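Before any comments, here is the structure.
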Amino acid sequence: MIRFSKSARMLAVVAAAGLALSSCGSDNKSDNASSGSSGGSELCGKNLAFLGALTGDAGALGQNMVGGIELALKEYNDKHADCQIGLKKFDSQGSPDTAPGLATQIVNDDTIFGLIGPGFSGESLATGKTFFEAGLPSISPSATNVTITQQGWTTWHRVIGNDDAQGAADAQYLTDNGAAKVYVVDDGQDYSKGLAGKVTDTLGDAVVGTDQISVGQTDMSAVVTKVNAAKADAVFYGGYYTEAGLLAKALRQGGFKGTFMSGDGSEDPNFVKVAGAQAAEGAVLSAPAGPPPADFGATGLYATQSYDAANIFLAALDDGASTGEEINTFIGSYTADGVSGPIEFDENGDITQSKIYAYFVKNGELDVENPQAIS
Amino acid sequence: MDFGALFGSLDNFLSFTMGGLVFGAIYALIALGYTMVYGVLQLINFAHSEVFMYGTFAVAWVFIALHGTGSATWSLGHAIPYLLVALIAAMLLSAGVALLLERLAYRPLINKGAPKLIALISAIGASFALAEAMGLRDRIASWVGLDGKLANYVAPNKARDVFSNPVSIQPHGLFEIGGYKVTDVDLVIVVAALVMMVALDQFVRRTRFGRGIRAVAQDPESAALMGVNSTRVVQLTFLIGGLMAGAAATLYMMKIGSTRQNAGFLLGVKAFTAAVMGGIGNLRGALLGGLILGVMENWGSAVFGSEWKDVVAFILLVLILLVRPSGLLGESLGKARA
């Protein structure tokens with residue numbers, strides 16, 4: 001009951017603020033269109049929020065995202081001297097246990113008009129309801145679990161292809177490259193099971209076996225024995241780079257000669273470090289994100305998505321949207337060519353055209369510059 | 001359940017068994033630290049897993065210092081000089097951490113005559129503190145003004161992330177048992193573990209220090225009356241446990257090649273399980289428990305799926321505690337061979 005009354009109060013505050021200020025907001029709209037400035041928007045001086053991992057295992061990914069957001073904000077603020085937008089960062093360490101507390105802070109902070117994030121699927125599932133009830137629009141640059149957009153949270157969007165799109169593309173890639181017997185392994189987490197499950201379903205009879213390891217497991221000898229016994233010519237792993245690296249290493253050392261493929265959870269230079277250059281050679285890692293264009297001011301996976309997500313909010317602001325509801329409506333009808341690809345949302349908040357890329361380990365390094373588009 | 005995966009062919013059965021033995025040998029070496037401290041102090045040193053974890057970092061650090069951070073793949077023969085230096089460094093660091101632990105977390109409590117339960121809680125706290133300190137090594141390095149110089153060793157901003165040995169050691173197959181290619185790395189791990197076990201067993205049985213350990217394990221009061229310096233004996237026990245954990249860390253890094261600040265946790269729990277299975281306080285029991293645990297885990301992975309690996313290990317522990325609470329070989333650091 002406490003939560004309900006809190007969110008109801010939030011809604012009331014947002015609605016009242018919207019009503020009280022909507023008249024001057026619309027007055028300024030025409031001025032803005034002509035002057036190219038939104039100095040009068042009541043959102044000037046307010047903040048976007050970022051929720052995701054800034055420290056911890058996945059801290060580097062969160063730093064990439066913040067890099068992209070800050071780039072977009074800098075470009076905006078440089079052009080709009082009279083309308084500065086800030087960024088408030090909330091570090092969840094990627095944990096679904098930490099994120100809900102931060103989500104409450106975010107919805108209770110009335111200087112925040114939009115959220116970029118949450119970064120990961122687990123924390124998205126844990127916080128989506130809070131944001132939805134508070135009416136705070138959010139755009140995730142990186143959470144890919146399929147079920148998030150099936151929850152009916154109409155404020156939740158993502159500028160990245162989901163795991164179904166990626167899994168289907170991965171399975172297609174394996175088939176196209178001659179894999180007839182695929183062994184599928186995952187680590188049992190939401191993201192991993194979703195991705196590996198889609199690959200398994202798409203491949204159908206080509207799957208000769210499945211197994212599940214646990215996060216933190218280091219001894220992969222049992223899986224290697226099973227893969228070799230099944231005479232698989234490819235292994236697909238759903239999970240993150242640490243276990244992926246250990247598995248790739250154990251497979252190669254156990255005499256496995258086929259293709260090793262994994263998804264975006266493993267698309268990280270650390271994969272090669274863990275596996276060792278020799279065992280990682282030839283591994284294929286997919287991701288629903290391409291490399292940033294040359295001379296882009298931010299680096300790393302998800303930087304372009306974060307940049308695009310921030311720009312959607314800034315475009316909403318320029319369009320005169322001021323309440324959570326107006327921003328949400330604006331996002332729903334937004335169409336543009338972002339840096340990360342064409343952006344348009346379906347009714348669930350999923351991006352309509354997802355781009356999936358395959359990255360390769362070549363000469364002992366993950367080649368992040370030259371991926372192959374596989375969907 | 002898929003018994004066919006395990007028993008379908010002799011090759012598979014042997015492969016699962018051999019894979020389990022290799023990891024079981026590492027469990028056994030770590031288990032020594034639990035079993036010795038328990039034998040002497042009747043205290044379960046839960047921070048022993050972190051003593052091991054510090055050893056794994058020492059191995060990676062030695063390779064970075066001697067080789068640099070560029071990744072390379074070497075054969076075991078090429079890596080042996082580096083591994084020997086790493087072994088010494090890991091044993092020293094682990095032993096140092098173990099001694100520090102004894103001095104800071106246990107001795108003040110034991111001297112005050114605090115109940116064993118308090119010391120156990122202190123052990124758990126020390127375990128977290130040590131793991132988190134390793135996770136914050138980038139910050140610790142910056143506090144002491146070394147972050148620039150130590151960048152390679154702390155991995156800036158990502159100190160909690162997986163930390164890899166830049167050199168991965170490529171095993172070479174020596175001969176086959178069933179379908180399992182026994183590699184030089186596997187052989188070194190098992191032989192090294194056995195040799196260290198035998199050496200430690202003989203040390204405890206035959207030397208003056210060993211007699212002191214056994215005396216304190218059997219009856220601390222009488223031992224003190226007979227002039228045994230029990231503080232010294234406890235220190236020695238932690239020292240030996242630390243040295244063995246350092247050795248286990250070197251073998252682990254040879255096989256796995258990467259570690260992280262929480263790498264000790266699961267391995268520590270497994271090693272503790274091995275110690276209890278064999279009969280905690282019993283050195284030979286640690287070896288037997290470690291090998292059985294490693295093999296049973298792999299068989300469990302084969303039959304139920306790899307996600308059941310840890311479940312199998314802990315069900316086994318519960319069963320043994322129900323049927324034979326003193327473990328397979330019984331408690332005996334002091335008693336059986338006194």
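Cβ from N, Cα, C; glycine included.
In TrEMBL, annotation is done automatically, which means it is predicted and not curated.
Given the structure is predicted, the values throughout are model-derived calculations rather than measurements.
Here TrEMBL flags B:20-44, B:51-68, B:80-101, B:187-204, B:233-254, B:274-296, B:308-327 as transmembrane segment.
Only sequence-distant pairs (6 or more apart) were considered; of these, at least three Cβ pairs between the transmembrane segment (B:274-296) and the transmembrane segment (B:308-327) are under 8 A, so the stretches are in contact.
Same-chain residues lying 6+ beyond the ends of the transmembrane segment (B:308-327) with a Cβ under 8 Å from its Cβ atoms: 266, 270, 273, 276-280, 282, 285, 289, 292-293, 296-301.
Within its own chain, the transmembrane segment (B:80-101) is flanked in space by residues 33, 45, 47-48, 50-52, 54-59, 61-63, 66-67, 126, 130, 167, 235, 238-239, 241-243, 245-247, 249-250, 253-254, which lie at least six positions past its ends and keep a Cβ under 8 Å from the stretch.
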